[in-house]
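Okay, structure first, notes after.
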Amino acid sequence: MDPIMGESKKRVCYFFDSDIGNYHYGPGHPMKPTRIRMCHSLVMNYGLYKKMEIFRAKPATKREMTQFHTDEYVDFLNRINPDNAHQFGKEQVKYNVGDDCPVFDGLFEYCSISAGGSMGQFLRCSREGAARLSRDKCDIAVNWAGGLHHAKKAEASGFCYVNDIVLGILELLRYHQRVLYIDIDVHHGDGVEEAFYTTDRVMSVSFHKYGEFFPGTGEGRARGESDVLFSYAVNVPLRDGIKDEAYKSVFEPTMRHIIEWYRPGAIVLQCGADSLSGDFLGSFNLSMRGHAACVSFIRSFNLPLLMLGGGGYTVKSVARTWAYETGIAAGVELQGTIPNNEYYEYYGPDYELNVRPSNMTDHNTPEYLDKIRESVVELLKTKTAAPSVQMHHVPKLAHDDEDDAEMEDEEDKDNRKPMRLWDKAKVHETSLSDSEDEGTGGRKHRQSHKTFGKASVADPHPVDKL
Ligand code: V1D
Ligand code: CA
């Protein structure tokens, strides 16, 4: 673990809930939450706990989820389980629950953990003294259980049920005029783009494979004439086989231009690891270092940064890359071979940290990449740079007072305080054994988290009104 020369020191808050690895989408499903626990095991065994604060976030409540999602949809997610699913036939069709987004044991708790990690830190920061994320306490927040970018207001999609990213951005918008969302998952970040399509306060930039690939959106052009002026969505459609150098040649100039032009107050970076070489679903050819170069580059702008997970289906590559990127966030470079950890045998036969590129053909020609870079510059010329809104005193949400009072009285201190003092013994204590496809998961008997206040606020969808 070597310090990265020339990197400024940052305070990193890392969110992890050891229950996450207990949830299973079902046999044969490519999404495996256990990859987050594998990553965590590397993080701890590389000693990164010495370089950051580790938190277990408060799982998001139903009411927090309805800041974006409809009450009916959240209620459905809360009620359905494998035993009663047969009673929800019509709703399953309506909410797109099925093959890609199956009903599994503990589904709602899984969504709560993922969303809690992406929004909780901002709630905590605001409670502890207005936007500490932006100022001192926390410069970078990391939640590898988040990044579920396909979930819609009232619909599951592409393995995603609750859109933790939209919820995290809504929280950031309470303190920042403009938030920039960047998505390096191999799939188009359609759920986030759609949620903020009619506001200039969030700019969404997705790099993805385009062409006969899920979800089929993100071509690169605006959806309609009026959108050209309206929407702050940028799409970078790429072809199969893109490698580190070519990706960097599009990512860095495009993102530098956008950041200087849009001047965001905070950045959310979705680090979907299915853009890595050899991914089970993806078809890009990035090495671990090529993927992580995007993180380093965005970190170098010294803006409050929320780093999230996303896709990634070759679990040993996902775990290595996100552990390495946790190091980048903390200003250190992980080196050498994989340290001893609970999943050591997964990394054989070479036990290398790096995820190497393959010799597959790159279908992105230099001319094609030139065209993409130019088209982004042209698109931005049709819009106002750094649009401003009148910022008021941070508006309290209807439930803030209740929450504050309840936090003081009843907060589970163990769940909230930084676990600075974690050592290896503690890791073993919090890590459960896991089998990739067979466990039933869920936290049926766990009652450690309190639900805040009463459900439902008068205006449950502020995203419509930004
Ligand atoms: F291969 C599978 C096996 C079982 C269940 C689903 C899949 C699977 C593979 N690819 N499903 C897909 C994609 N779905 C479809 C639709 C099926 N319809 C007929 C079309 O092609 C979904 C891919 C989702 C990718 C999610 C993501 O990586 O972007 C992600 N990001 O954050 C979380 C997930
Ligand atoms: Ca993407």
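Glycine is treated like the rest: Cβ placed from N, Cα and C.
From the candidate list D99, D100, D370, the residue TrEMBL records in the substrate site shared with G158, Y313 is D100.
Checking the binding-site residues D100, G158, Y313 against ligand 1 with a 6 Å cutoff on the Cβ atom leaves D100, G158, in sequence order. Cα-Cα distance from H150 (active site, proton acceptor) to D100 (substrate binding site): 11 Å (rounded to the nearest whole number).
Non-local contacts of G158 (substrate binding site) by the CB criterion (under 8 A, 6+ apart in sequence, same chain) comprise D100, C101, H150, H187, F214, P215.
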